[in-house]
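Copied from TrEMBL, the annotated features are:
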type    : residues : note
BINDING : 51, 198  : substrate binding site
BINDING : 127, 171 : ATP binding site
């Protein structure tokens, strides 16, 4: 993979600055475990979160939003119904959607939920760890709860992208973003992300915030994940443990500047 010039990092920082100026509304239907963290991360970036999932509110909220983020953590039938309605409304109003496949590789119920959402309306970005991505292709094993010990080849992201016609982000030690024969690898971050709950969910909020100001979902995914990984590296260098890491992460996102991208490495290739 070829590395990128400094101008590319400046482009992603310009997207973050656009989030800060526009303060886009990001509609979340996410799991109860990480809801507060997702809201705070969104605020720290400069965007505005709304966390409702009541069906009677969805049209008013979705039609006013700049992005919709749905997340399969803590699933139940009511939330599944709300996710389906929100995604269909987003398609009607031209609002981009991020689907986070939390635990899809772990249970048949979540795989069925993901299939129902993806077949019901257009989704711009699908995100998950290695086990969750394999779950969409029918793969199983190596998944414990919503965590994954599965390492997937980068080409798998491309296979899922081709299957569903969307951008696919696979998160892990290195993140991969795939779309239409393009593949990006983002290295960096910190293993402190594995010491807190909801890190992947928060990454989804960051992607959705970038997607709200960028019509290219491939580019928005890269910018969001690079920013989140870089902020994680900066937080890990200053924290004393998981508790202070979580708090420091909000501060690093809030104060993030373009030189923070020195903590990540982005590279591209054709697949």
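Cβ from N, Cα, C; glycine included.
Note: residue 51 (substrate binding site) has non-local neighbours 28, 29, 30, 35, 38, 39, i.e. same-chain residues 6+ apart with C-beta under 8 A of its own C-beta.
For residue 127 (ATP binding site), the same-chain residues lying six or more positions away in sequence with a CB closer than 8 A to its CB are 98, 99, 100, 101, 168, 169, 170, 171, 200, 203, 204, 207, 221. Candidate binding-site residues: 171, 198. Fewest other C-beta atoms within 10 angstroms, 198.
Under DSSP, residue 127 (ATP binding site) is assigned to a strand (E or B) in the three-state scheme.
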